Amino acid sequence: MSSSAARYRALPDARQDLDHDSDREEDDAILNNGRSGNASDGQNQTWLERVTQKVTFWKSPWRRNKSSPLEQDLVRRYLDQTNISSAYVSGMKEDLELYGDELNYFTTFFSISYCLMLIPSQVIITYVRPSYWLPGLEIAWGFVTAFIAFTQNAHQVYVLRVLLGLFESSAWPGMMTLFMYWYTPMELAKRMGFYHSCQALGSMVSGALQVAILETLEGTWGLRGWRWLFIINGIMTLAVGLAGFFMIPDYPKLPNPRAFWLTADHAVMATERLDRHGRSDTKRITWASAKRTCSMWIAYFIPALYIATVLAPYGYNYFNLFLKSLKNPDGAPTWTTEEVNAIPIAGGAINVVCVWIWAILSDVFQTRWTLVVAQAAIGLIPCIIMSVWTSHPDTTPLSSAYASYLMTYLSLGTAPLVMSWLSELLPQDSEARTLIIGYSIAGVYAVLSWSQVLIWPASQAPYYAYAWQLSVFFWILVIAMCVGLRVAEKKLSR
């Protein structure tokens, strides 16, 4: 076993010795060696740019009007998670007579099964190719999503939400794990950030899709619009799941043979780049590696930090409930159902832009902790305002609540930075990285399975008793933990 200093430091020597531009030149030389005829295609694009664009699932210059299937995958996956809220405010509440906290329990049942399956899934992808495992589960949850359209009561939804959590638990942590096997510290946060921002796009698509469905499919074949949302979402999921068999790259030293877009030279280049940055290759998780991970203090610290960053801004999930609760003086709803679904799209747009900005700044300046602290400081402002508004709604301007909900979206870019930080703390221990990602996300869903029912009950919306006050506490905790982890990191890297 390596020493604690070697295990937890972020390879400062490698950072000092490697300049980003020179690294690019070396990578181009690897792939262009003996291939001068292909060195230029008139688009002035290096081979490194090509492969990173491909593996990041980002837009390639020669396909400017298309996003890749895997970028679409996270959009669609988060659409699965947010469509229940869109459906709730679009007629599902009244049709299924959900007049208590059923919406919270939908999240509870989903979170429990998600939490239980997540860590086993992280272990499985070290034994089974991710290009088999991840798409297979996605196809299964596509069917489950479509089945929700035909439910008649809350109990049927509960059962399907349990199955949905089991099948969806592999997606986000599995992809974050794969990123750590393909990217160096110079680009990891950007790649994770681009992928993570698709969650916001999924939320935006959910609202826009529900508006379109209400306007075009409401009552078609005797089905309400919210039911069509689940049917269409399920079909989208099945299509992307099938594409995943060909689009998920697997690992640099064990590339997906069905990935027609990824050549052997690309895999070799990725492997040599990671070797130069001291990154280890994938290893199967064993009982010994699991026990070793459990003995590390960082295996508990990073999950605690990640959980705090998720819980602190969690109120943004209930922006639509806030809008739905507002009434005009005559008692009529302030916003129509279409508007309740459409207005949060603005928050999603803010989220996308900010996640990109935070991630790019993190890689450019090679810092994680400072930008997490900056987001926490920004996040404190709307939480404090909402703490006042929920306690004194009659004397606090309603406009402050609108502004606060939108401002909350500014601080949703912490996840890529925390995961990039983890990769730098454990560059040589792929088993521990994989397990700690699982611990972190499983911890979030374990806490959400009970906390959102108590802290954000739908029956209290939008005047939550102490939810926003707890958010203030979590943001302060995030700041303290980041400073503490940075101090420990510097000591261990000496």
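Backbone N, Cα and C atoms are what each Cβ position is placed from, and that goes for glycine too.
Unlike curated records, TrEMBL annotations are generated automatically.
Feature annotation from TrEMBL assigns region 'Disordered' to 1-45.
Residues or ranges marked as compositional bias 'Basic and acidic residues' by TrEMBL: 10-23.
Annotated compositional bias 'Polar residues' per TrEMBL: 33-45, in sequence order.
Nonlocal intrachain contacts for the transmembrane segment (105-125), taken as residues 6+ away from its ends with a CB within less than 8 angstroms of a stretch CB, comprise 81, 84, 133-134, 137, 154, 157-158, 161-166, 168-170, 173-174, 177, 285, 434-435, 437-439, 441-443, 445-446, 448-450, 452-453. Summarising the annotation, TrEMBL assigns transmembrane segment to 105-125 (among others).
Per TrEMBL, the feature transmembrane segment maps to 132-152 (among others).
What TrEMBL records for 158-182 (among others) is transmembrane segment. Non-local neighbours of the transmembrane segment (158-182) in the same chain are 55, 70, 73-74, 77, 80-81, 84, 105-106, 109-118, 121-122, 124-125, 130, 133-134, 137-138, 140-141, 144-145, 147-148, 151, 188, 191-192, 195, 248-252, 270, 274, 279, 281-282, 419, 423, 430, 433-434, 437-438, 441, 445; each lies 6+ residues outside the stretch with a CB under 8 Å from one of its CB atoms.
The annotation transmembrane segment is assigned in TrEMBL to 226-248 (among others).
Summarising the annotation, TrEMBL assigns transmembrane segment to 297-316 (among others). Here the transmembrane segment (297-316) has long-range neighbours at 8, 347, 372, 376, 379, 383, 386, 405, 408-409, 411-412, 414-415, 418, 421-422, 425-426, 432, 435-436, 439-441, 443-444, 447-448, 451-452, 455-456, 464, 467-468, 470-471, 474-475, 477-478, 481-482, 485, meaning same-chain residues at least 6 beyond its ends whose C-beta is under 8 angstroms from one of its own.
The annotation transmembrane segment is assigned in TrEMBL to 342-362 (among others). Sequence-distant neighbours of the transmembrane segment (342-362) (same chain, 6+ residues past either end, Cβ-Cβ under 8 Å): 189-190, 192-194, 196-197, 199-201, 203-204, 207-208, 211, 316, 319-320, 323, 335, 368, 371, 375, 405-406, 408-414, 416-417, 420.
Residues 309, 312-313, 315, 358, 361-362, 396, 400-401, 403-405, 407-408, 410-411, 413-414, 417-418, 421, 462-465, 467-469, 471-472, 475-476, 478-479, 482-483, 485-486 of the same chain lie 6+ residues outside the transmembrane segment (369-390) yet bring a C-beta within less than 8 angstroms of a C-beta in it. Per TrEMBL, transmembrane segment is recorded for 369-390 (among others).
Among the features that TrEMBL reports, transmembrane segment is placed at 402-422 (among others).
Proximity of distant same-chain residues to the transmembrane segment (434-455), defined by a Cβ-Cβ separation under 8 Å and at least 6 residues beyond the stretch ends, is recorded for 101, 104-105, 107-108, 111-112, 114-115, 118-119, 121-123, 125-126, 165, 169, 172-173, 176-177, 285, 289-290, 293, 298-300, 302-304, 306-307, 310-311, 314, 418-419, 422, 426, 464, 466-467, 470. Among the features that TrEMBL reports, transmembrane segment is placed at 434-455 (among others).
Listed by sequence, the residues of this chain that lie at least six past the ends of the transmembrane segment (467-488) yet keep a Cβ under 8 A from its Cβ atoms are 8, 301, 304-305, 308-309, 311-315, 369, 372-373, 376-377, 379-380, 383-384, 386-387, 390, 414, 421, 455-456. The annotation transmembrane segment is assigned in TrEMBL to 467-488 (among others).
The transmembrane segment (226-248) is in contact with the transmembrane segment (132-152), judged by 3+ CB-CB distances under 8 Å for residue pairs 6 or more apart in sequence. When Cβ-Cβ distances below 8 Å are used as the criterion, the transmembrane segment (132-152) is approached by residues 73, 77, 80, 83-84, 96, 121, 124-125, 160, 163-164, 167-168, 170-171, 174-175, 223, 227-231, 233-238, 240-245, 248 of the same chain, each at least six residues removed from its ends.
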